[in-house]
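If you look up TrEMBL, you'll see B:His73, B:Glu94, B:His111 marked as Fe cation binding site. For B:Cys79, B:Cys82, B:Cys119, B:Cys122, the entry in TrEMBL reads Zn(2+) binding site.
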There are 2 protein chains.
Amino acid sequence: MSNRRDAVHAILRQSEGFRSAQDVYAEMRAEGAKIGLTTVYRALQALADIGHVDMLRTDDGESVYRACASGHHHHHLVCRTCGRTVEVAGPAVERWAETVGSEHGFTEITHTVEVFGTCASCSEALKMAGASSSF
Amino acid sequence: MSNRRDAVHAILRQSEGFRSAQDVYAEMRAEGAKIGLTTVYRALQALADIGHVDMLRTDDGESVYRACASGHHHHHLVCRTCGRTVEVAGPAVERWAETVGSEHGFTEITHTVEVFGTCASCSEALKMAGASSSF
DNA sequence: GCGACTTTGACAACGATTTTCATTTACGCG
DNA sequence: CGCGTAAATGAAAATCGTTGTCAAAGTCGC
């Protein structure tokens, strides 16, 4: 019973962007892995706890996870159409967060920053499909 | 049947920080308002759509709403202990988001920024209560 | 007042996540 | 080596916020 965490982590590592728990579960089952949904959730949470994966909530309330290339702090730039993700560092934001925090007397400041946009290829694609937004 | 949206909006206006839909619903019922959960959700969404309230997801996937003092873009500095919220503007972040976005060929850039921290009074309080966290 | 359209709200449906609990597995100990 | 205990696992049920359905009630123009 090798730690299923490793199996789950492996899936995330071979994935490009963020994956939902259900998604990871589905893929593992598809690959023939014998694992339960419960275990996937537990593994994902454990992984997130020890900082081996990033975890965030999508706008529709689903938790998505991603194996980070590095353990250091960074943010994500996500294409709202195709989901492509780019890791970005933002010293400016870090400093800004610290600053506004302390200005208001806050300590132990953390922050959540997600940048969304439409990536080059998707905006191309949209230009064609669009033009019919009547509202 | 005056628009229930107004009633819902009123609740948010007289609230300090973010309120969950269920929370708002509970308060309205407590005040004697005859309104259904469904309607609260619909009102909240409508309000969020037209930008009269801010909407974001808490870490446990709940949607929370808040009537903004202004309609313009800003972010929030939230005390992770008492929930006190301060609206902060961050031109630096706006620019940064735009920059990293375009650097990667992204367009129509939006961003989510939430800053969390422990406010002055809470960190005081925690200092005393603390000292016993063995894990 | 009547009819068409909109809003409302009770309740069911949904879906993601968590909990429960019995089973299986790992592993130290006798 | 077999046993017992504790941890891990997974199937299914429970939870809970949110959304959809649909009939009843309200609004408005005629």
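Cβ from N, Cα, C; glycine included.
Filtering the binding-site residues B:Cys79, B:Glu94, B:His111, B:Cys119, B:Cys122 for a Cβ under 8 angstroms from any Cβ of chain A leaves B:Cys79, B:His111, B:Cys119, in order along the sequence. Note: the Cα of B:Glu94 (Fe cation binding site) and the Cα of B:Cys79 (Zn(2+) binding site) are spaced 22 Å from each other. B:Glu94 (Fe cation binding site): 16 other CB atoms within 10 A of its CB, across all protein chains. Distance between Cα atoms for B:Cys119 (Zn(2+) binding site) and B:His111 (Fe cation binding site): 24 Å, as a whole number.
For the pair B:Cys122 (Zn(2+) binding site) and B:His111 (Fe cation binding site), the Cα-Cα distance reads 29 Å.
Spacing of B:Cys79 (Zn(2+) binding site) relative to B:His111 (Fe cation binding site) is 21 Å (Cα to Cα, whole number).
Just so you know, the Cβ of B:His111 (Fe cation binding site) picks up 22 other Cβ atoms within 10 Å once every protein chain is counted.
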